[in-house]
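A.B. asks: One structure is given below, represented as structure tokens, and several questions about it will come after.
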Amino acid sequence: MSDNQENTDTEDTTASGSATLPLRPPCDRLSCHKSSVCSRSYFVVVMVFFHVYIFNVIGLLFYVHYSSGQDDNTRSHDAPSGDQQRPEAQRPPSKAEFLRDVSLTRIEGIRVGHVQKVSLVPDKVHEMRTLSLKPLLFEIPGFLSEDECRVVMQLAQLKGLMESQLMVQDGQEELAKELNLSPDDIFNLLDINQDGQLQLHEILTHSRVRDGIWLTPENLREIYAGLKADKDGNGLLSLEEFRLLSNDAFQRFLLQRGVKRSQLVRNSRHTWLYQGKGAHQVLQDIKARVTRLTRLPSSLVDLSEPLQVVRYEKGGHYHAHHDSGPVYPETACTHTRLAANTSTPFETSCR
């Protein structure tokens, strides 16, 4: 019965011609084709975005390259030449100009013993060898020629060498009065660890910084005995013992006993040689060589210290020292002090 009915329905549908067979879903009929088309479309979209990204990067690089070239050309055309240079062009750069133009570079040491080729003078290549990575230290043999060294020494002698450090001077009492500090204030400043007692190293540090005297702990014990300062003989000064001493007691004792040159922090003679415009050509060449080596802006190098020439004679020395940070807690480095920080009354130049 059901078979006959099914045959009849089939014949009626065929005979009429207007009816159609039920269609299967597109995904059933073209599943493989749809997957292929979707994958291909996705690939095309990704490739389009990738090429657009590459073109943008290339375009940005060209823009930066040509923009920097145009800026350099503009500066060179706008800059007055020779006698037409304006007086205001000689003024030191302002702080805002430094923030805009100055960039600090770093020469990498790579590894100890690494040799780099550097071009510092025309038609010559120097070798720069890494001696240490921490601290970073390089050696450049032949950085100065024999003739240049001879000229520098002659210029230093012509200007005159002065003692790098003078012996203990009188007048410390007047200086102490000008400071207007009580014994308690001085004791508190010298007592770095704030334990209520002055250790030997705290006194030695103060003497080396203020007076330039390189005393040893044995020397200091001798001074204690001469001044009868350390009553209990423990090598420490309490506030009560310190109050019994005058502000210039140490200086007066050293003046009476005498100070040897070997006890000075620095025993040498030195002078400073100006390297700016109008200076000897050798000095200007050295400054240009330093500028080329460090890759620092010339405006920054121009503000650096003059060239110091030091002569160490027999027995000359410079004891271990540091001037990279403040020695006393009441001072702060100028270049690291915040504008809102007013807790430190004094500033010092930290190299």
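Backbone N, Cα and C atoms are what each Cβ position is placed from, and that goes for glycine too.
According to TrEMBL, the record shows the following:
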COMPBIAS  1-12  compositional bias 'Acidic residues'
COMPBIAS  72-89  compositional bias 'Basic and acidic residues'
DOMAIN    184-203  domain 'EF-hand'
DOMAIN    228-244  domain 'EF-hand'
REGION    1-20  region 'Disordered'
REGION    72-95  region 'Disordered'
TRANSMEM  42-66  transmembrane segment
A.B. asks: Summarise the domain 'EF-hand' (228-244) by DSSP state, stating how many residues are helix, strand and coil.
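C.D. replies: Taking each residue of the domain 'EF-hand' (228-244) in turn, the totals are 5 helix, 2 strand, 10 coil.
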A.B. asks: Would you list the DSSP helix, strand and coil counts for the residues of the domain 'EF-hand' (184-203)?
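C.D. replies: Within the domain 'EF-hand' (184-203) the tally stands at 11 helix, 2 strand, 7 coil.
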